[in-house]
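Copied over from Swiss-Prot:
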MOD_RES   2  N-acetylserine
DOMAIN    13-222  domain 'Lon N-terminal'
BINDING   375, 376, 377, 378, 379, 380, 381, 382  ATP binding site
DOMAIN    651-837  domain 'Lon proteolytic'
ACT_SITE  743  active site
ACT_SITE  786  active site
C-alpha cells in the first residue's frame with residue numbers, strides 16, 4: 001500500500017478547545033469561537049497569519065467548559081484532530097464572536113503542553129495520515145474481510161436512500177472513489193451518532209478497531225431506515241426524499257471530505273410540531289394558517305433567517321390555549337369570607353365583586369365585565385384583583401401598563417419586522433395556559449403616547465365585550481377569543497384616561513382609609529406580616545393601638561397604608577437587632593458564669609478565698625420581653641415626627657383659610673394665604689397654580705369688590721374699592737406642587753374676606769366648592785377623600801356645596817360623628833359658617849329708602 005502525497009502536520013500545534021461536536025479526519029464542521037483562549041488563537045494565527053501552516057490547528061474535543069476564562073487550563077482530551085481552517089466568519093460587535101469552518105486532516109496525540117497563554121500550544125505526535133490511494137490499491141490481508149463487510153453495509157445504506165437527491169448520489173460515488181481507510185471516519189460523521197460514539201471512533205487509532213466499531217453503527221442506521229419505511233406509507237416520491245434527508249441532512253465534498261450539520265434533532269422537532277398542529281383544537285382559520293406555514297417550513301433550509309421566525313410562530317400557535325379553560329368556583333359564602341378576611345373595609349368594591357360572582361352562578365355564559373378600580377396608591381387595588389382570581393379559582397396575570405407608549409406592546413409586531421413578537425395580551429395567555437384568566441391591567445391611567453401609536457386606542461378592542469371575541473394580534477394575524485377573560489384595570493385617576501376607553505369600563509371608586517381603618521388593617525395584616533418577615537414573635541414585640549395611631553398621624557400622611565407598612569418594617573428591624581443582641585449577651589453571660597465557677601474552685605483551693613474574676617459589668621442584661629413600642633421608642637427608631645398639627649398656629653392672623661384639595665394620592669388640606677400692600681391694584685398669584693385656579697382667584701376678588709359695601713369691606717385707605725392703590729398677593733403653600741381646579745373658590749373668598757375684615761377664620765373649619773360671579777356655590781368632586789383629609793388633620797367642621805350633600809352617605813359613620821357639616825348654596829352661608837359669630841351684612845344707618 002503506497003501513498004502518493006502524504007500530509008505531514010507540524011510538530012507543534014496551537015490547540016482549539018471545543019465542547020460541542022467531535023471533528024473526525026476527513027469531515028468538516030462549523031464551530032463557534034467565543035472563549036478568551038480561542039479568540040486569541042483566531043486573532044493571532046488565522047487573521048494575521050499568511051502561510052498555510054498558520055491555518056493548521058489542533059482541535060481538542062470534549063473540553064469541559066472551554067468558554068470559561070479561568071486562569072488554569074482545563075483537562076485536555078488525549079487525542080485530537082489536526083484541522084485546516086477553511087473559513088473564518090465573525091465580528092467584534094457587540095462582542096467578539098467568530099465561526100470557523102474546519103476540515104479534519106488526521107489524528108494526533110498530545111506529547112506535552114508547551115504554553116498555556118494567551119492560547120495553548122502543544123508538542124504533538126501524528127498518529128495517522130490522510131493519504132490519497134489509487135483506486136487499484138489492495139487492502140491488507142488482515143483488514144480485507146472487515147473492509148469488504150464495511151463497504152457492503154455502506155452501499156446497502158446508501159441504496160436505501162433516494163438516489164435522485166444530489167447529496168446521496170455524491171455519497172455513492174465517494175464510496176468508490178475514496179480509500180477504504182478514510183470511510184469509517186467519514187461515514188461516522190454523516191450518520192446519526194452521538195458525540196460519545198464519535199469520541200470513541202476518534203480514540204480508535206487502530207484501523208482494524210475503527211472498522212469493528214463503525215460496522216454496528218451502520219447496521220443500526222440500516223435497521224432504523226427499514227423500520228421507518230415500514231411505519232410510513234409512501235404516498236409520493238417526496239416521502240422517500242424526506243427519508244433520505246433525515247439521516248443525511250447536508251453532505252458537502254470539500255477536498256474529498258464530507259460535512260454533516262447534525263440537524264436531525266431539529267428535524268424531529270418539526271415532525272412533532274406538525275403532529276401537534278394536526279391534533280390541536282385551534283379554530284379552523286388558525287389551523288389552515290399553521291398547515292400552510294408548516295409546509296413552507298419543510299421547504300426552507302435552516303440557514304434562512306425566516307426559518308427561525310416561522311418555527312417560533314408555529315410553536316406559539318401550538319402553545320396558545322385556544323380551548324383550554326379552568327372551571328370557576330362559585331361558592332358565594334366562601335368568597336365573602338375570603339374577601340372579608342383578606343381586605344378590611346372597601347365595602348363597595350367587595351359588594352361589586354360578589355355581585356359578579358352571583359351573576360356568574362346564575363348565568364355561565366356571561367361576558368366578562370371590565371372593572372376599573374380607581375383610587376389612591378396603597379389602598380389594595382392590585383391585591384383585590386389577585387383575590388378575585390383566587391376566589392374564582394382562575395389563573396392570574398398582571399400586565400403593567402405604566403409608561404407603555406407603543407401600541408405594538410398591546411397588539412404585537414407584524415412578522416415582517418426583525419425581532420417581532422406578540423403583544424402582552426397574547427404573551428399573557430401563553431404564560432397562564434388557559435383562555436379564561438383574570439388579567440390585571442395595572443396603572444391604565446399612565447399609558448403614554450408616541451409616534452409608534454397610542455396604546456390606549458389599542459386597548460379599545462381588548463376591553464370591549466362586543467369586540468374582543470375576535471381580537472387580532474398583529475403577530476398572530478388570526479383572531480383569538482378574549483371574551484372569557486376577566487379584565488380588571490387599576491388607576492389613580494380617571495382624568496388622564498381617554499373618554500372612549502373610560503366608556504368601556506365600569507368605574508369603582510376605592511377611597512382612602514380612615515385612621516380607624518388603618519389601625520385595624522395594621523393590627524390584622526401589616527404587623528403580623530412584618531413580624532413573620534423579620535423572624536419575630538408577638539412575645540418579643542408589642543405595638544399598642546395608641547402607638548399605631550401616632551405612626552399614622554405623626555409619621556405618615558397618606559390615603560393608603562404603604563408608608564405605614566414601611567414604618568412598621570423599620571420598627572421590626574430595630575427590635576430584631578435588640579433581640580439578636582440580647583441573645584448574644586445571654587450566651588456570653590452563660591459562658592462567663594461557667595468560667596466564674598471554674599475559676600472560683602481553683603482559687604478556693606489555693607487561697608480559700610475567691611479572687612476577682614473576669615468582669616461582667618460591661619455586659620448589659622438582655623432586654624425584657626416583649627419590647628413595648630411607645631412614643632419614646634418611636635422617636636428613637638423613626639426620628640422626630642414628620643408632621644405636626646399646626647392648623648391653629650397657621651390661622652393665628654387674618655388672611656389665612658383652610659381649603660380641601662383632591663389629588664391622585666387622596667385628599668389633602670390646603671392653606672390659602674393673602675396679604676395686601678400699597679400698590680397699583682395688581683393681583684399676584686403664587687404656588688404653581690393652573691389656569692382654572694387663577695380664574696377662581698379673579699372671580700373671588702371680583703365678587704368681593706362688588707359686595708364690599710354690603711359687607712363693609714375696605715382697603716387700608718378706607719375705600720370700598722379694594723384694589724384702589726392696593727396690591728393683593730395670594731399664595732398657596734407647597735409651591736413645588738402643581739395645583740389646579742375650581743374647588744378652591746370658596747377658600748379664596750373666605751381668605752380675602754378675612755384679610756379685608758381683619759377677622760380670623762375659625763381654625764377648625766375647612767371648606768371646598770366652586771364659585772360663580774353671582775356668589776353661588778357649585779358642586780365639586782372628591783368629597784369623600786377631602787372629608788377624610790379633614791378628619792386626618794383633626795378639623796371639626798367642613799363646609800361643602802349643598803348639591804354635594806348626597807356624597808356624605810359614602811363617608812364612614814365614625815367620621816360623620818367626629819365632624820359637623822355645613823352645606824352652602826351661596827357665599828353668604830359660607831362666610832357665616834367660617835367666622836365665629838358669623839359674617840353678617842352690615843348696613844349704614846340713615847340709608848332707609850321710603851316710598852312715602
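Heads up, the Cβ atoms here are built off N, Cα and C, so glycines get one too.
Location within the structure of each feature annotated in Swiss-Prot.
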{"residue": "375", "record": "ATP binding site", "contacts (Cβ under 8 Å, 6+ apart)": "381, 492, 509, 510, 511, 512, 559"}
{"residue": "376", "record": "ATP binding site", "contacts (Cβ under 8 Å, 6+ apart)": "492, 511, 512, 558, 559, 560, 663, 664, 665, 666, 785"}
{"residue": "377", "record": "ATP binding site", "contacts (Cβ under 8 Å, 6+ apart)": "492, 558, 559, 560, 562, 664, 665"}
{"residue": "378", "record": "ATP binding site", "contacts (Cβ under 8 Å, 6+ apart)": "558, 559, 560, 561, 562, 563"}
{"residue": "379", "record": "ATP binding site", "contacts (Cβ under 8 Å, 6+ apart)": "346, 510, 511, 512, 513, 559, 560, 561"}
{"residue": "380", "record": "ATP binding site", "contacts (Cβ under 8 Å, 6+ apart)": "343, 346, 510, 560"}
{"residue": "382", "record": "ATP binding site", "contacts (Cβ under 8 Å, 6+ apart)": "398, 440, 442, 490"}
{"residue": "743", "record": "active site", "contacts (Cβ under 8 Å, 6+ apart)": "659, 660, 661, 662, 768, 769, 770, 780, 781, 782"}
{"residue": "786", "record": "active site", "contacts (Cβ under 8 Å, 6+ apart)": "660, 661, 662, 667, 766, 768, 798"}
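Model confidence over the domain 'Lon N-terminal' (13-222) is summarised by a mean pLDDT of 82. Just so you know, the Cβ of residue 381 (ATP binding site) picks up 26 other Cβ atoms within 10 Å once every protein chain is counted. Neighbouring residues of the recorded ATP site, listed in sequence order and excluding 375, 376, 377, 378, 379, 380, 381, 382, comprise 373, 490, 492, 510, 559, 560 (Cβ within 8 Å of the Cβ centroid). Residue 381 (ATP binding site) falls within a helix when secondary structure is assigned with DSSP.
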